[in-house]
Amino acid sequence: MLAWKKTTETSFEEQTGLTPNAKRCGVEDMMDIDMSDQLPGETKGLGRFTPKGGRWTKNNLTYHIKSFTPDLSRLQTEDAIRRAFQLWDDVSPLLITESSNATADIVIDFVTRYEHNDAYPMELKQFDGPGGYLAHASYPPHGIVHFDEDETYTVMTLDGVDLAIVAAHEFGHVLGLGHSSNSHAVMSPIYNGFVEDFNLHQDDIDGIQYLYGNPDVDLTLTKLEIGTSDIEKLPACDSPWDAATYYAPDDVVYAFKGHFVWAINDQGVVEGYPTKTNNVFSGAPSNVHSVVSAGSRTYMFKGNNIWRFFGKQLEPGFPRPRKNSFPHSTDAALIDDGKIYILKGGRYYEFFENDLNIGWSKKIRHHWRGVPANIDAALQGRNGTTYFFKNDNYWRFEDSKMVGAYRKSRSKDWIGCGSF
C-alpha cells in the first residue's frame, strides 16, 4: 500500500482555478501532495499525478461490461472500453483483458441517479443527471466503474460525451491513480471534450509506472520530425520512415516519408528514387501512416481512411472509411504467415481483407519480444524475415525470434541496404 509523507490536502479548484460546474469525474478532488516525493528537477507545486488508491497486487487483470448504453452499439461500446484500457496497458506491465465472467476484477456498468443504489464512499459523488458528474470509479482492490446513463455517449465526434476518453480517466482510478492537477493529463478531473489522436500525457505515464513499473521494452524513443522540403536531399535510410512494405512484384522494399517514396533492393536505393509517392502508386495519400502489400494488393492506412491498390492502381470505391473498431491512426502494418496485422501502440490486430475490419488484438511484445511500442514501420521480406523500425533502430526476427543484437542501426545497415 502506498503512503504519502508530510501530506497536505488542497482542492483541485484551489490549485487550478477551474470551475467545479464543468463536466467532470465524480471522484473526490482532494489531492494528497507529498513534497518529499518530488521527481528530480520538478518545481515545487507543479501539477502532477497522485497515486491515491494503492495498486492491484497482480498485473493480469480482467474486466466485465455488466450493461451497455443504448447510445452506442454493443460493438462500439466494447471497442471504446478496449481502447481506453489499452492506453494504460501499453505503457505498463499490465495485461487487461475482457471477460464474460461477472466476477471479473473490474466490473463496468451504465446507471442513472435513480437506479444507483450503492453505498457511496465519501470520495464518490452521486450522479446528477445530464452534465456535471459523468462517471466514477473505486480504487483497488474494488474494481467498480460506473458511467452516468443520463449522459449521451458518442465515439470520435465532437457531439456528446466521448466514451473512450471518459473511460480512460476512470480506468486510471480503478488502477490506483487519483486526480492530477496537471490540466493536460488524462487524470485531470475536468472533461474537455473529444480530442483527435487522444493519448496519455507523460504525467499519466509517470503515475501508472510509479505504481506498476515500466513495461519490459523501451518506450522512450521519440520520432524525429523533418520537413518534406528537405527530404529529397536525404539518403533513404537517414530519416525515420512513415511506413514501409516489401513489394514482391518489383522485389523491392518501398519506404514512405511525407510526399516521397524510396525503392530499396539488395544493391541499395534504386536509381530514380526518391520520387513522389503518387508517381508510383497513383492516387496514394501523402504522410501515410502504414502500408502493407499482400500479393497483388497493397493497402495504405491514414487517419480514418483505407486505400487499396491492385498492382499500383487505386481500386474503384477507394479510399473508404475505416470501421469504428479500428485504431484511429495506425503505426504500421505487415503480413506474417499469410495474415495481415495492424500495429498500434503496444498491440497488434488481425486485419480481414474481406470486410476491411480487424479482429482480436494481442500485445506486440508477447509475440515479438523486445520490440518497442509506437514503432514507425514494419515489414516482412522475401524470405520471411520480419523487420520493425523506430527512429534509427531496427529489430530483425526470424520465426518470431530476434536475430542478433537487441537493436541495430537502420542508417548503417539500410543505407547499404543489406539483404532483406
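In case you wondered, yes, glycine gets a Cβ from its N, Cα and C as well.
Remember, TrEMBL labels are computer predictions, not curated facts.
Annotation comment: TrEMBL describes 52-214 as domain 'Peptidase metallopeptidase'. Sequence annotations record features per position, and here TrEMBL assigns Ca(2+) 1 binding site to D71, E151. Annotated Ca(2+) 2 binding site per TrEMBL: D105, in sequence order. Annotation source TrEMBL lists Zn(2+) 1 binding site at H116, D118, H136, H146. Look at TrEMBL and you will find D128, G129, D148, E151 tagged as Ca(2+) 3 binding site. Annotated Zn(2+) 2 binding site per TrEMBL: H169, H173, H179, M187, in sequence order. What TrEMBL records for E170 is active site. The feature disulfide bond is assigned by TrEMBL to C237-C417. The annotation repeat 'Hemopexin' is assigned in TrEMBL to 238-284, 285-329, 372-417. According to TrEMBL, the feature Ca(2+) 4 binding site maps to D242, D376. Under the heading Ca(2+) 5 binding site, TrEMBL lists A333.
Structural mapping of features recorded in TrEMBL.
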residue	record	DSSP class
H136	Zn(2+) 1 binding site	strand
H146	Zn(2+) 1 binding site	strand
E151	Ca(2+) 1 binding site	coil
H169	Zn(2+) 2 binding site	helix
H179	Zn(2+) 2 binding site	coil
M187	Zn(2+) 2 binding site	coil
A333	Ca(2+) 5 binding site	strand
D376	Ca(2+) 4 binding site	coil
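Note: the CA-CA distance between D71 (Ca(2+) 1 binding site) and D105 (Ca(2+) 2 binding site) rounds to 26 Å.
Among the recorded positions listed here, namely D105, H146, E170, D242, E170 has its C-alpha nearest to that of H179 (Zn(2+) 2 binding site). Remote same-chain residues near the repeat 'Hemopexin' (285-329) are listed as 75-76, 79, 83, 155-156, 196-198, 228, 242-249, 254, 256, 258-259, 277, 335, 340, 342-345, 349, 351, 353, 355-358, 377, 379 (criterion: CB distance under 8 Å, separation of at least six residues from the stretch ends). If you count neighbouring Cβ atoms within 10 Å for each of the binding-site residues D71, D105, H169, the highest count belongs to H169. If you average pLDDT over the repeat 'Hemopexin' (285-329) in this model, you get 89.
Not a single one of the recorded positions H136, E170, A333 has a C-alpha within 10 angstroms of the C-alpha of G129 (Ca(2+) 3 binding site).
Reported as a whole number, the C-alpha separation between E170 (active site) and D376 (Ca(2+) 4 binding site) equals 30 Å.
Secondary structure by DSSP for the repeat 'Hemopexin' (238-284): 7 helix, 22 strand, 18 coil. With respect to H146 (Zn(2+) 1 binding site), the closest of these binding-site residues in Cα terms is H173, chosen from H173, M187, D376.
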